[in-house]
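Per Swiss-Prot, the feature topological domain 'Extracellular' maps to 1-36, 97-110, 174-202, 275-286; the stated evidence is a curator's inference. What Swiss-Prot lists as N-linked glycosylation site is Asn2, Asn15, Asn200. For 37-61, 74-96, 111-133, 153-173, 203-224, 253-274, 287-308, the entry in Swiss-Prot reads transmembrane segment. The topological domain 'Cytoplasmic' annotation in Swiss-Prot covers 62-73, 134-152, 225-252, 309-353. Swiss-Prot lists Cys110-Cys187 with the feature disulfide bond, giving sequence analysis as the kind of evidence. Annotation comment: Swiss-Prot describes Cys322, Cys323 as S-palmitoyl cysteine, evidence class similarity to another entry. Taken from Swiss-Prot, the feature region 'Disordered' covers 331-353. The annotation compositional bias 'Low complexity' is assigned in Swiss-Prot to 334-353.
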Amino acid sequence: MNGTEGPFFYVPMVNTTGIVRSPYEYPQYYLVNPAAYAALGAYMFLLILVGFPINFLTLYVTIEHKKLRTPLNYILLNLAVADLFMVLGGFTTTMYTSMHGYFVLGRLGCNIEGFFATLGGEIALWSLVVLAIERWVVVCKPISNFRFGENHAIMGLAFTWTMAMACAAPPLVGWSRYIPEGMQCSCGIDYYTRAEGFNNESFVIYMFICHFTIPLTVVFFCYGRLLCAVKEAAAAQQESETTQRAEKEVTRMVIMMVIAFLVCWLPYASVAWYIFTHQGSEFGPVFMTIPAFFAKSSSIYNPMIYICLNKQFRHCMITTLCCGKNPFEEEEGASTASKTEASSVSSSSVSPA
């Protein structure tokens, strides 16, 4: 084995010289330069500085403006709530441990950080599944006269949290476990060991099949069918120009969220699977640290995509920030009016980008 395994940790360094210490008790500066830990702490501070205000603003603006409280936006708000959980429960913990160079908060802190990071990522993934299914049903119309309503949105929310908990909670109760990873200042699922009594192998396989491969397959199927339907509708001119534009722009926004999710999480998932299938092989602490911390940036991309691509939300946000007045009223107001008209015509009954 090209690492050192101990009680509830795995350090990617062979302890031939006796230098390796528990990441819960001692700084891990023998792994990388101390400056790297300072850089990680600064990075986490930046994510908190950006992630908390932008996600909180997304929630506040939607609550403040009644016209934004549409069923589809319930799912988008669900992403903001999940991101806030990651920021408050995970990022603050990781920033603090990075500043100390080891997981100074112990096993409890490791469980909290690992749980919130996993929960947030899974809520994002399953929310994208619900959005993809909604787009497919509304645009492709496999169910005639279907209208995505408030009850469907609430069921979608319950589904995303149930599935996310089914992935994030088991390591807390003994099916696998959360341990420090990479530079030992953030925690994740134990892909590294076959520790007796934790059944890591079965959990990792379960997680990759049920909580990564299957949801992504559903997403790709829905959007594959959706893109074909949009092209066919455009060619046949079956819908009004306003409705087609509305559906296309909502679809574009959700597809951008899927692409951003893959950019953030696919490197982490790929490295995790490689480590799991090559347990005992040699890899450095940075090998897992970079994709793990890159994945954490997912907390800011959803609201940014939403703000950039949804003119109605952007108009409401500017109005809120400017104390009820929009200095770009003429430009934004005209766009919002046209989008609101599109919303009333659209069979999805949403306020699209």
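Backbone N, Cα and C define each Cβ position, glycine as well.
Distribution of Swiss-Prot features across the structure.
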residue	record	contacts (Cβ under 8 Å, 6+ apart)
Asn2	N-linked glycosylation site	Pro12, Val14, Gly280, Ser281, Glu282, Phe283
Asn15	N-linked glycosylation site	Thr4
Cys110	disulfide bond	Phe8, Tyr24, Phe103, Tyr178, Ile179, Pro180, Cys187
Asn200	N-linked glycosylation site	Ser176, Arg177, Asp190, Tyr191, Thr193, Arg194
Cys322	S-palmitoyl cysteine	none
Cys323	S-palmitoyl cysteine	none
Quiz item: Same-chain Cβ contacts of the topological domain 'Extracellular' (97-110) under 8 Å, 6 or more residues past its ends?
Solution: 8, 23-29, 34, 37-38, 40-41, 44, 178-180, 184-187
Quiz prompt | Stretch contact, the transmembrane segment (37-61) with the transmembrane segment (287-308), Cβ-Cβ under 8 Å, 3+ pairs | solution = yes
Practice problem: Determine the mean pLDDT over the topological domain 'Cytoplasmic' (309-353), rounding to the nearest whole number. | Solution: 60
Quiz item: If you count Cβ atoms within 10 Å of the Cβ of Cys187 (disulfide bond), leaving out that atom itself, what do you get?
Solution: 34
Self-check item: Residue counts (helix, strand, coil, in that order) that DSSP gives for the topological domain 'Cytoplasmic' (62-73)
Solution: 9 helix, 0 strand, 3 coil
Exercise. Using DSSP with the three-state reduction, classify Asn15 (N-linked glycosylation site) as helix, strand or coil.
Key: coil
